[in-house]
Amino acid sequence: MKITRDIHDLVGGLLMAAAGLYFAVHGSQYAFGTTARMGPGYFPVVLGCVLFVLGLLVALPAWWRRGQAIEVQWKNLGWSIFALVFFAAALNRLGVVPASFAACLLALVPSPMRLRTRLVVCASVALLTALIFPLGLQMALPLWPWSA
Amino acid sequence: MELLGNLWLGLQVAGEPITLAYCFFGVFLGTVVGVLPGIGALAAISLLLPLTYHMTPAAAIIMLAGVYYGAQYGGSTASILLNLPGTPSSAVTCLDGYPLAKKGKAGLALFVTTIASLAGAMSGLVLLVLFSPLIAEIGLKFGPAEFFSMMVLGLVAASSMTAGSPAKGLCMVVFGLLLGMVGTDVNSGVARFSFDVPELTDGINLVALAMGLFGVAEVVRSINSADLNRKLEKVSLASMMPTRAELKTTVKPMARGSALGAALGALPGVGPSIAAFMAYAIEKKVAKDPSRFGQGAIEGITAPESANNAAAQTAFVPSLSLGIPGDAVMAIMLGALIIHGIQPGPMLITEQPALFWGLIMSFAIGNIMLVVLNLPTIGLWVALLRIPFAWMYPAILVFVALGVYSVNNNTFDIYSVAVLGVMGYALMVLRFEPAPLLLGYILGPMLEEHLRRGLLLSRGDPMVFVTRPISATLLACTAAMLMWAIWSTVRKSIKAKRELEVAEQLSS
């Protein structure tokens, strides 16, 4: 194993500290109030500061620790998220059946599947989705582009 | 007898055919997600949450609870047959369950865990029946200070007892509390952190957050890893029957596991996973020959399985009687009640007796259903384990999207799932536990409210939290837990630093 610093905690801790700082700074634009009568800014600012300190507490000791490299499955993440975003954009324009078929195709990109199986899986997902949501649960959604 | 009357009332509610059907659907689905590694009870419950909007509150909560404890049963199946825990709390079952399966005793192991699960659940149930009303009565004397301290205790317990480091858990809790701040402040009407997005003035959607953190993140991680196209041996009913001697060795571990799990589960922040791990550790301590553990000791599966099922039942004690969820699943469950306009808290038992006792009786019915469902249909579960994950995850993604859309009929929520999914995956990659985050998110607004009220009543004097005895006791427990967490972290990091120095010397 290659010896590296504990990057997981280093990165994660710094991200948390940054988030804390952001909440504290952004929260200070709301009225702070007093301890007896807290304004809307009181709790977020205090918690933001706490998170900032906690993030540093996670990050600093990680510098003296051994760890492994971070592994990110970029392809899986990218295509899954793209599938969700595409589905959201297409849902009311194309209708449930085409939108879920296409989203399913996009989600399956990183998977090593034969083309025929792929199409069968997508068609089944589209069918099931149409049966469960608009038909079974009576959700008001267009099924096809021409019914939109 | 008041208790008998209550139980009878519960039986009437839980025994209605439509409720029975929802209960069955819940435990069935729970078993499915428990068996399949990669989708946890949390993901399944968040997926079902939008569906419950069209049900009665009792049916909704009975179904969601069924998923929760059903998953505890199913979780052991994958642990024993594949050495892959279906749920985090059945990870311990792998240690001795898989060696038993390799010895050709998979059937026996499956039978014993099912019985142990039932025994655990039933003892947890008894505790729940006896203590919930009692705790609720105490809860009625709670003021804002006590509620605040109790929540702090729950949050600290949940974060410092997770698998990772306590500091990371605390980070997650505080981050969750801050995410809970998004939306309109009830006291002043100011929209906080909403970036002038109208949808965000109602806060971050609970369903979107839960699905992003648990559904999407799990799917992304499991796309390549969870392919289970392995050879699985057939399990026959006849192979499940234990001999008299084997049965005898399981009784005591079952009793110990049940008692431990039931007691631990009732504490806020201690979930089924911790109960299972502790039960295993105790069995190893009391065993005459500890070396058998890890090589197929039957006590090594009975005690943890009864413990995690007992804990899954008693986890409802603080949630229902005080309105303070002990873990992330309970938090979602309370979220579901709030959506239905029911305020969880000490008044719940007296104001909604049909709901409370109906839920309790449904536990008894559901657990018996699970035994009937699990034993004869084991072949079905084994077959389920052969389905490649690639056939399922596109459907999961589409269902997640439509499920969250159905809450407000707004595509904004699907986009939030996408964003929160990236966040959830990042947390998973960086090894931050997302469950405390969800707990913080749910408790955030309540915590702020009680803190404000407490300090308003004391005119800004923070001493109110330490001068009231119950509140002071709770805070003292919290402080002790924090000290212990700090101490163990410091010890660990000194050790790690020494290791790094040694390693660098060796490599140079």
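Placed from the backbone N, Cα and C atoms, the Cβ positions cover glycine too.
Per TrEMBL, the feature transmembrane segment maps to B:20-45, B:51-71, B:108-132, B:170-191, B:203-220, B:259-282, B:322-342, B:354-384, B:390-407, B:414-432, B:470-490. For B:20-439, the entry in TrEMBL reads domain 'DUF112'.
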Region pair the transmembrane segment (B:354-384) / the transmembrane segment (B:20-45), three or more CB pairs under 8 Å:
yes
Roughly where does the domain 'DUF112' (B:20-439) sit in mean pLDDT, to the nearest integer?
85
Rank B:51-71, B:203-220, B:470-490 by Cβ pairs under 8 Å to the transmembrane segment (B:414-432) and hand me the top one.
B:203-220
As a test: from B:20-45, B:51-71, B:203-220, B:322-342, B:470-490, pick the stretch that has the greatest number of Cβ pairs under 8 Å with the transmembrane segment (B:259-282).
B:322-342
Quick test of the contact rule: Cβ under 8 Å, at least six residues beyond the ends. What residues does that give for the transmembrane segment (B:203-220)?
38-40, 42-43, 45-47, 49-50, 179-180, 182-184, 332, 335, 393, 396-397, 400, 403-404, 407-408, 413, 416-425, 427-428, 434, 437-438, 441-442
Cβ-Cβ under 8 Å with the transmembrane segment (B:322-342): same-chain residues at least 6 beyond its ends:
41-42, 45-46, 49, 52-53, 57, 60-61, 64-65, 68, 135-136, 139, 142, 147, 150-151, 154, 158, 206, 210, 265, 267-271, 315-316, 348, 352, 355, 434-436, 438-439, 441-443, 446
Flag the pair the transmembrane segment (B:51-71) / the transmembrane segment (B:20-45) as in contact if three or more Cβ pairs fall under 8 Å (sequence separation 6 or more).
yes
